[in-house]
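Asks: Take this structure first; my questions come after.
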Amino acid sequence: MAMPSYSSLSSHISITTTHTRPHPIFPCYNDTQSIPRFFISSDTGSSASKQRNIYLRLGSRKIIAGVGEGATSLSSHSDKMKTDSFPDPKLAKRDFPPGFWKDDIIDSIMSSNKVAAADEERVETLISEIKSMFRGMGDGETTPSAYDTAWVAKIPALDGSDHPHFPQTLQWILRNQLKDGSWGEEHHFLTYDRLLATLACIITLTVWRTGKTQVQKGIEFFKKHAAMMEDEADHRQPSGFEFVFPAMINEAKSLCLDLPYELPFIKQIIKKREAKLKRIPTDLLYTVPTIFLYYLEGLQEIVEWHKIIKLQSKDGSFLSSPASTAAVFMSTGNTKCLEFLNFVLMKFGNHAPCHYPIDLLERLWAVDTVQRLGIDRYFKEEIKEALDYIYSHWGERGIGWARENPVADIGVTAMGLRILRLNGYNVSSDVLRTFRDENGEFFSFMGQTERGVIDMLNLNRCSHVAFPGETVMEEAKHCTERYLWNALEDVDALDKWGLKKNIRGEVEYALKYPWLRSLPRLEARSYIENYGPNDAWLGKTMYIMPYINNGKYLELAKLDFNNVQSIHQKELRELRRWWKSSGFAELDFTRDRVAEIFFSIASSMFEPELATCRDVYTKSTICTVVLDDLYDAHGSVEDIKLFNEAVKRWDLFLLDRMPEHIKICFLGLYNLVNEIAEEGRKRQGRDVLGYIRNLWEIQLETFMKEAEWSEAKYVPSFHEYIETASVSIAGATLVLFGVLFTGEVLTDHILSQIDYRSKFAYLMGLTGRLINDTKTYQAERGEGEVASAIQCYMKDHPEFSEEEALKQIYTLMENALSDLKEEFLKAKDVPDKCKRLVFDYARSMQLFYQQGDGFTLAPNMEIKQHVKKILFEPVP
């Protein structure tokens, strides 16, 4: 039987809550500064005689709250409680693992990991320098390519004289031979790359009968290292190597250069080239742009030049390649080719790069870099300008590395699709169909079946921003996951298109923590550790892009991460103090998860200016956990009915009827609500007390409903269960408190887009409830709980086994997550920070419950390491 989607459920499940007394969104209450506020204080004296007195503060006056006959005081000892009519019942406490992040542990870690305060002046300098890099992005910055320069230097003078047309390029070759006799990227060594560049340079010098010393040194280098190619992995071959290298070997032989032509590897690659040349579909070669245009210099004997000219790019190049364009010019004399080469040398002076322009590639990767490093908030204008530029060149078949590039690149296209969609641009996933073959597999370029890890990683990350019904994105997800898992099994899993510091680490993180199961600060920490400021790229030759791989990005990211972490540590210490002063720390039926809760919000809403949002969210979540545990561990339904009644009436005079543990819970909630209301009024410019109370009433009624189910051993229908449980998970309640403090003044219309009336909130609660139940239902069933999504689904569908029902629940959850993504990415009326808070709550639930009950069992699970890395361990 097909699992119903959330939309089919919504016809049965009311998203609005009508069973509580109605409140307008912001009902008119008196000024919140006059609201009575209770707090607990400890008298001095011995521990045996310490009394915690309840005080009512009205303005500057402090009076003892009158309860029954005289003042009520709360003692830490139950035998001193005056609860004659309602004795404290025995609670059915669950056996929770004790909290790990106690004050002594936190202090110990923080003292051993102290770092110097961030140099604010250095931070500002780095921000300014990176902004200048963004503003300076034109057609792309890249390093010289000895290989391409050698091809440009081969062009003879147009006047027929025996000289190169671009003599400065020949001089560059003569002056830039490396000490070992090779040419190429000095700080990175790949045998294929060095031998290719060296062979091109010694051929060009020989053609112009100059640089005999350099030629001889180059030949010696070639002889010494040629056999090493056999041992270097195939995926380290530059693009088109199998065509251009054998072609140059043949040319070197015709020039009588003393090279090891009889090496088995060289003979083998020449044979492979001959076989591949026969398989090139000539009809495809001349009708549509393919990657073959990138290395035409290696296909000269089969190319019909008058036909290939029809595929020339608008800028006169052939796929932005100086070498390929130079080869076409020498065979055709095409003036547009010459114009392109003049354009390149006007930019670089005496050398040519591997390809140029690279404007789209550079902008996308720079944006991706600052976003993944967690420093994008400093560059909002620059990012917007870069993405507007990308979008202006977006095509229905994707984009390549340059605006005039007629051959789309799957890596650039996938990154562009993901980043543009995440930033609110309207882009279709249909562009990915360009890169799919008849077997449903994805390739990097038209005309090439090879794939690289970086390309497939970008495609995988792109697939996670799919909208419902985008089958090509789902296919991309499955294809890339299979490819990337296989790549990880290879000990030498490197990449075809680049030399990255830790591509394995990037892939492992992406597969283990996909976008919906990650959080921004967690990803930033991971990428800071994996990012390589000196990474190189591999096209036809190796090159470096300084606006993508730059130590300034990493330095700023580290300074910023550690600075933000130090702010979060101070906030956590204050929250730990509040946890104790509220009395919650003394309750033995609840879970101490202050650090884990704070981690969940600090990993998302991490900016220093959102301190109040973090504080309110954390305290509200703590209070919710305490109350949830209270209702789960209740001694009698009557007690919690009394608690609910007190909240509805907001009546302090019900305190004398409450057992001690319920008094602590009520006072904690009462003080917190008033605290939030006071601050909320300042931020929103209107009274929010009624709004906040109404949210708590809705929340507690769902707790009450579940307690009644538990008491009666009642298993509701799946629809009835979801109606209550998607609210009791508390996501909407917590988020709706937090959004008041995101820096936005929220209208009733904005709130209606994210509160209980909205699809957004419903999906958030539904996905949170379902992932929670899948990981907790067995343990809770063992403790006597009978209602969970799995058990309720099995009640409706007795033909399903437990395992089958669980699969159905996962299917429903994934469908709801897909719908939630669409709401997040398409919502236009909701401020970004409000959307983030809603969406990242859902992501945090997926993270915490990814492998089990990562909240209750947090001290024994991977969440513990996440908390440590984000909150306590500075980046070295």
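Glycine is no exception: its Cβ is also placed from the backbone N, Cα and C atoms.
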Asks: Suppose you had to name the range Swiss-Prot annotates as motif 'DDXXD motif'; which of 528-532, 533-537, 628-632, 708-712 would you pick?
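Replies: Motif 'DDXXD motif', as annotated by Swiss-Prot, spans 628-632.
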Asks: According to DSSP, how is the motif 'DDXXD motif' (628-632) divided among helix, strand and coil residues?
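Replies: The composition, in the requested order, is 5 helix, 0 strand, 0 coil.
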Asks: Neighbourhood of the Mg(2+) 3 site (Asn772, Thr776, Glu780): other residues with Cβ within 8 Å of the Cβ centroid, in order?
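Replies: What remains near the Cβ centre is Asp773, Lys775, Tyr777, Ala779, Ser788, Asp853.
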Asks: Going along the chain, which residues six or more apart from Thr776 (Mg(2+) 3 binding site) have their CB under 8 A from its CB?
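Replies: Long-range Cβ contacts: Ser788, Tyr849, Asp853, Thr856.
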Asks: Express the predicted model's confidence over the motif 'DDXXD motif' (628-632) as a mean pLDDT, rounded to an integer.
Replies: 89
Asks: Ten-angstrom check, please: count other Cβ atoms within 10 Å of the Cβ of Asn772 (Mg(2+) 3 binding site), all chains counted.
Replies: 19
Asks: Going by DSSP, is Asn772 (Mg(2+) 3 binding site) part of a helix, a strand, or coil?
Replies: helix
Asks: For Glu780 (Mg(2+) 3 binding site), which of the three DSSP-derived states applies: helix, strand, or coil?
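Replies: Assignment for Glu780 (Mg(2+) 3 binding site) reads helix.
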Asks: Taking 10 A as the limit, how many CB atoms besides its own sit near the CB of Asp632 (Mg(2+) 1 binding site)?
Replies: 20
Asks: What does the structure give for the C-alpha distance between Asn772 (Mg(2+) 3 binding site) and Asp628 (Mg(2+) 1 binding site)? Integer Å is fine.
Replies: 14
Asks: 10 Å Cβ neighbour count around Asp628 (Mg(2+) 1 binding site)?
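Replies: Asp628 (Mg(2+) 1 binding site): 20 neighbouring Cβ atoms within 10 Å.
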